[in-house]
Amino acid sequence: GRSVVEFGDMVCKRQQSAVSSAGSEKPSGKEENVHSPEDKRVTKSKEKSKHLRTRTGRKVKSDVTDRFRKKEQSSESSEGEKKQGRQRTGTRGKKSTDLKEEKVKREREYESSSDGTEKLPEGEEIGLFSKGVKQNKNDTTDEAKKGKKWKDKSCEKKEELSDSVDRLPVKGESCDSSEDKKTRNRVSLREKKQFSLPAKSSGKRPECSSSDTERSVKGECCDSTDKRVKRIDLRERRSSNSKRSTKEVKSGSSSSDAEGSSEDAKKQKKQRMSAKKKNSNTKERKRKSLRATTTKRKQADITSSSSDIGDDDQNSAGEESSDEQKIKPVTENLVLPSHTGFCQSSGDEAFSKSVPATVDDDDDDNDPENRIAKKMLLEEIKANLSSDEDGSSDDEPKEGEKKRIGKQSEETPGDDGSNQVNSESDSDSEESKKPRYRHRLLRHKLSLSDGESGGEKKTKPKEHKETKGRNRRKVSSEDSEDTDFQESGVSEEVSESEDEQRPRTRSAKKAELEENQRSYKQKKKRR
């Protein structure tokens, strides 16, 4: 009698501990002995209904975590109950061997249930739960038969859907991916529920009313079967839709690839055409630029050539004018030394003295009468040359030059400015050349026995000429300087030609040329 009372107290305490754990912990094996198999059925059906309700809101991660937590809680609760039972047995100290054996068996059962495998107890428990096991087996057989029927129907529906695949429109890849994810999530949830149902079924508290439990079990079975059928239909539809979408996507991708390839070819052609156009445009621009540059160069060459021609014309005009200036004094300078030389060779000193006197008179006066007098003198010279045919052969080219000089002077009788320049150049050349054609004794200031007074007369007009020449040089411009330089050069050439005729006086003439060059340089420095 004591053992029965103690056992009842332990059962009450264990029920209180199960209530505190919010119904998530597993009951002890003793409670299973007390209650009927109908209570177990009710608890299983309630667990299934609650699990189906909360199915849609759960996720994979939450399910996994909940399972681990529940297993840990169940293991902890079982260990706590074991400890409490051991303490109570230790305090009371009076228990029968039968109770000890039952405790050992029940501990083994708890361990097997924590691992997810349910094992029926031996002895009396087998007789108590045999009826519930048979009923569970019958329920499972009925559900299996219904599942087979639904499978046959689903196969027929799949065939019909495969026929209607071609008619349906194309769905995007995004829809396919979303549907595939949903189907996978649902399949995983179902599998997890199937594993979790047997573990949770044992953790619920039993209810006393047997009639209510039977009704709820029947309604839940019907609901579960209907839901299963709907789920199977949804799976088949989604799988068929995914197959269609994949086929259509492949066909669409092939068509889009063909279109894309055609578009790419068109784009490449356009790019090539544009590149060709650009190249042609650049070539045309280069050609135009080359043409423009060539035309500009030609124009520049033409302008430069025209300017060069103008400069050449100006230079040629200036050279012609300078040539004219050169020619006139040269020819006139050649005349006077030839007269003097011829007069000295013939021995007519009076005629040689009269020629420079007339030239000085011409320098003083610029009237046409002086010009006429010059012409008369030239004619007289020609007559003297024709009369004196016994002269040396060296004098013959000089006579031709004299004729040319006479013609030029007759052709240009009215040029006043040229006569002025000629008169200046004549005076300069006379200064440089008269001492050359003196007698040797006169250069050394030695006079002839008959003509000392004549030498004095010559020196006076020479001094008078030098003063006049200096005054004219101060007034004259740079052009006269050039003419003086040219005249000095001409006089040097004439002196060289005369040196060939007169080898006796070469040393004296060289000394005079050096003196003349020195005097010319000094004059330039003064200016």
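Note: Cβ is positioned from N, Cα and C throughout, glycine not excepted.
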From Ser28, Ser75, Ser114, the one Swiss-Prot labels phosphoserine: Ser114
Position flagged as phosphoserine [Swiss-Prot], chosen from Ser113, Ser387, Ser477, Ser497: Ser113
Candidate annotated in Swiss-Prot as phosphoserine, out of Ser24, Ser162, Ser201: Ser162
Arg184 (citrulline): tally of other CB atoms within 10 A of its CB: 11
Residues in the compositional bias 'Basic and acidic residues' (368-382) grouped by DSSP into helix, strand and remaining coil: 15 helix, 0 strand, 0 coil
Local confidence of the prediction over the region 'Interaction with DAXX' (290-427), expressed as mean pLDDT: 58
